[in-house]
């Protein structure tokens, strides 16, 4: 077994994903040391948003090559969602001083995608034709 496969089995992440994690940690440390952590956090969140928009655009592209790029971007955004959510919560904590509002924002940011996904699956179950019986 190659060493890349051993790393993938042990961590669940590919080598390029691990390198991106280390790069983001290095950027956050440099931002902290140079007292520009807020700017670095905003920049990382903006980069995440651009990546999500590019993923959504490329998923509908007629050429297969661009859809494969969208698959890579989807894997990247899935990997980085939790980190981006924590950076957003930290940035919100710099502006909001109400802990209750921060808790609600945290629940919305962290649990929101799971709830939307479950609701979307539930709607799909109601649109089945009568020949596709679903036991409940």
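Keep in mind that glycine also has a Cβ here, set from the backbone N, Cα and C atoms.
When the topology recorded in Swiss-Prot is consulted, residue 36 and residue 61 turn out to be separated by the membrane. The topological domain 'Periplasmic' (34-37): residue composition by secondary structure is 1 helix, 0 strand, 3 coil, according to DSSP. Below 8 angstroms of C-beta separation, residues 18 of the same chain, each at least six residues beyond the ends of the topological domain 'Cytoplasmic' (1-12), sit close to that stretch. Counting residue by residue with DSSP, the topological domain 'Cytoplasmic' (1-12) contains 9 helix, 0 strand, 3 coil. Cβ atoms under 8 Å from those of the topological domain 'Periplasmic' (93-99) belong to residues 38, 105 of the same chain, restricted to positions at least 6 beyond its ends.
With DSSP classes pooled into helix, strand and coil, the tally for the topological domain 'Periplasmic' (93-99) is 4 helix, 0 strand, 3 coil.
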